[in-house]
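Feature list (source: Swiss-Prot):
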ACT_SITE  Asp72  active site, proton acceptor
BINDING   Asp72, Gly73, Asn146, Asp147, Arg157, Lys174, Asp176, Thr187, Ala188, Tyr189, Ala190, Leu191, Ser192, Gln247  NAD(+) binding site
Amino acid sequence: MEHFRNIGIIGRLGSTQVLDTVRRLKKFLLERHLHVILEDTIAEILPGHGLQTSSRKMLGEVCDMVIVVGGDGSLLGAARALARHNVPVLGINRGSLGFLTDIRPDELEVEVAKVLDGHYLVENRFLLQAEVRRHGEAIGQGDALNDVVLHPGKSTRMIEFELYIDGQFVCSQKADGLIVATPTGSTAYALSAGGPIMHPKLDAIVIVPMYPHMLSSRPIVVDGNSELKIVVSKDMQIYPQVSCDGQNHFTCAPGDTITVSKKAQKLRLIHPLDHNYYEVCRTKLGWGSRLGGGGD
């Protein structure tokens, strides 16, 4: 296991609870004589911190590990910037759900100490890369750890499009949109739209139509190395949008093509040794607990 000396900290802005947790984390790391580097945006609202700062884009180059304090959305944003550097990422949950941010604030010192002592698991999560092309030229590009979503934007009208997988025509469709999700994203927007839960170790992509105009239209799970192409109908009278993790947005025009494929770099996500994916699902999704008197 790697032993970490240079620790980066990213914190969600706009929350006093996050700031309090960042201060505790900073104090704990410094007491262990580690080199702490703050992302510049959180550093601006921590006057007198006396630490090295870095942009999020460069943080992965100067750190052995980055700790994200916030919710799953905070970690999604960090993942897109850090995956290219192959730097491990650990999440401390200050959000509402916490599928990706494992550690509770009240156990910060104990659990982070275990990680620093080499007691942790590393899970590789792949990202998607999306590109919007118009008349053969790229007009927008983005990465996503959860999902790439084609949606109507501010319009209430349906989108008409064609779907191709690895160059093979699959179908044309009228729907409110289309969700292309990783296993990580299968418990997010795709789940709300009726998609399946996929274990994070699966090398697969799920394609989930949003309110399709055909009862036979169902989610499709394809190989993780597939290349998807979505062609917006030339007869459309609206300009739909493509969103990556709900954070980066591109506007499409009729006739545009969206390609989605696996990104080469992966996110290295750190978990405590006792991390249990099914326990996370059971807790976060409200599944039934063990029956009384059941076996171990």
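Every residue gets a Cβ built from N, Cα and C, even glycine.
Shown on the structure are the features that Swiss-Prot records.
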residue	record	Cβ contacts under 8 Å, 6 or more apart
Asp72	active site, proton acceptor	Gly95, Leu97, Gly98, Phe99, Leu100, Thr101, Ala188
Asn146	NAD(+) binding site	Leu76, Ala181, Thr182, Thr184, Gly185, Ala188, Tyr189, Asp245, Gly246
Arg157	NAD(+) binding site	Gln237, Ile238
Asp176	NAD(+) binding site	His151, Pro152, Met158, Ile159, Met210, Tyr211
Ala190	NAD(+) binding site	Asp147, Ile179, Ala181, Val206, Val208, Pro219
Ser192	NAD(+) binding site	none
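In this entry, Asp72, Gly73, Asn146, Asp147, Arg157, Lys174, Asp176, Thr187, Ala188, Tyr189, Ala190, Leu191, Ser192, Gln247 make up the residues listed for NAD(+), with the farthest two CA atoms of the set 31 Å from each other.
Mapped onto three states, the DSSP output places Ala188 (NAD(+) binding site) in coil.
Around the Cβ of Ala188 (NAD(+) binding site), 23 further Cβ atoms fall within 10 Å across all displayed protein chains.
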